Amino acid sequence: NPVTLSVVLTSLALGTIFTVSSSHWFLAWMGLEINTLAIIPIMTQHKHPRAIEASTKYFLTQAAASALLLFSSLNNAWLTGEWSIMDLTNPLSCATMTVAICMKLGLAPFHFWLPEVLQGINLTTGLILSTWQKLAPMAILYQIAPTLNTPLLLALGLVSTLVGGWGGLNQTQLRKIMAFSSIAHLGWMVSILPFSPQLMILNLTIYLIMTSTMFLMLKTISSTKISSLATSWSKTPTTTALSLLTLLSLGGLPPLSGFMPKWFILQELTNQNTTILATTLALSALLSLFFYLRLTYI
């Protein structure tokens, strides 16, 4: 129904705008809830058991994360008397808030829902889930970055990049590969957030552009598996070539644009005397690049 679809899409947009523009924890939580409830009908529009299962997993995970976020903000307001997003000062609230937002984004070790959910939905909904749905939690992270626990964030970022690299190695489903790619990219963003939020925004922008391009190309050539991507070369050579270039850019291969944020992040981490973290991140990027190159060769 066009009316229902327009209401759902408007709610999806409004939820994100609410969260991005709010300075009050309750309004931010409300925006995240609207966002979650709006995408469920889009995920279940195709009455398939996999889609229903994916939407159930998504709803339960997001509801748990929202409850934790509300608990964290309530705890902070109880102790400090402040509901402002910028006044998150209680250490327990900072830790629980970090966990809640990482669960919403799908960062490791709270990532288990993301590949399963992406695999159960179609490419258009997967595009929304991988791009638009990341904006609201990332906006909250950006605002509270100065007050967050830096060692916790760095640990989550490091684990996410490693999991994103290892997890994609043995996959044959393109949607699962894109899910692990998303986990790895989010790990890079979270790793640089305590030191340079501007670099996180740069990385997020390039990630959104490349992921959108990849999903739209996969939708154009109707490809969800590696085998169907391999046979699409004879039918749509230009689109397939561009999709392979986008994959390499996602992997961070120079001189493509995906290399730029990784280079800047490694440079900034080295300047901050976190050379071991920078080295591990660079090595984890090789894991991701391996399965992107494997797709390109096929």
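Every residue gets a Cβ built from N, Cα and C, even glycine.
As annotated by TrEMBL, domain 'NADH:quinone oxidoreductase/Mrp antiporter transmembrane' applies to 22-286.
Per TrEMBL, the feature transmembrane segment maps to 56-75 (among others).
With a cut-off of 8 Å between Cβ atoms, the residues of this chain six or more beyond the transmembrane segment (95-114) that come close are 32, 57-58, 61-62, 64-66, 68-69, 71-73, 75, 88, 134, 137-138, 140-141, 144, 148-149, 152-153, 156-157, 159-160, 162-164, 179, 182-183, 186-187, 190. For 95-114 (among others), the entry in TrEMBL reads transmembrane segment.
According to TrEMBL, the feature transmembrane segment maps to 151-170 (among others).
Among residues of the same chain six or more beyond the transmembrane segment (177-195), those with a C-beta under 8 A of the stretch's C-beta atoms are 102, 105-108, 111, 114-115, 118-119, 126, 130, 134, 138, 141-142, 145, 148, 150, 153-154, 156-165, 167-168, 171, 203-204, 207, 211, 214-215, 250, 261-262, 265, 268-269, 272, 277, 281, 284-285, 288, 291, 295. Sequence annotations record features per position, and here TrEMBL assigns transmembrane segment to 177-195 (among others).
For 201-218 (among others), the entry in TrEMBL reads transmembrane segment.
Packing against the transmembrane segment (239-256) from elsewhere in the chain are residues 181, 185, 210-211, 213-214, 217-218, 220-221, 229, 232-233, 262-263, 285, 288-289, 292-293, 295-296: each is 6 or more residues past its ends and has a CB under 8 Å from a CB in it. For 239-256 (among others), the entry in TrEMBL reads transmembrane segment.
As annotated by TrEMBL, transmembrane segment applies to 276-295 (among others).
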Contact check, the transmembrane segment (151-170) vs the transmembrane segment (276-295), 3+ Cβ pairs under 8 Å, seq sep 6+: yes
Contact set, same chain, for the transmembrane segment (56-75): CB under 8 Å, 6 or more residues outside the stretch: 25-26, 28-29, 32-33, 36, 39-40, 43, 83, 88, 90, 92-93, 96-97, 99-101, 103-104, 113, 116-117, 120, 129
